[in-house]
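Here the structure is laid out as structure tokens; the discussion comes afterwards.
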Amino acid sequence: MASQQSETGIRRRREADPEADLPCPSRWFTWEEIGLRTGQGDPPGDRWLVIDRKVYDISRFYRRHPGGSRTIGCYAGQDATDPFTAFHLDKTLVRKHMASLLIGELAPDQPSFEPDKNVSLEIEN
């Protein structure tokens, strides 16, 4: 009976936040590592992006992206939080599909956005 209640609780948490019951990321990443995964570097074809500090490997998925490969592929190697928020109305549904692409998180000492973006924003102000 306790295991049934436990499974029900996990199922409810998963429905509310599909990533809530995932284990802690097995890996922490730096912006330098992520910036190399644009699909053009070494290893060739690797494409990673960041959404809400979580790192996703879209290398195999980007060609099947419902919005088109260019839409998601152009964000490889960088933070895609803003476009993700703008283009996906049902984030719960989308995050269920993204769970299998999750490979880790930004390391705690890394800023939330690429350092180059912060520099360019400071110059414009």
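Positions of Cβ are set from backbone N, Cα and C atoms, glycine also.
On a predicted model such as this, the values are computed, not experimentally measured, just so you know.
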1-23, 24-46 - the range that TrEMBL marks as region 'Disordered'
1-23
Looking only at the domain 'Cytochrome b5 heme-binding' (26-107), what are its DSSP counts of helix, strand and coil residues?
31 helix, 18 strand, 33 coil
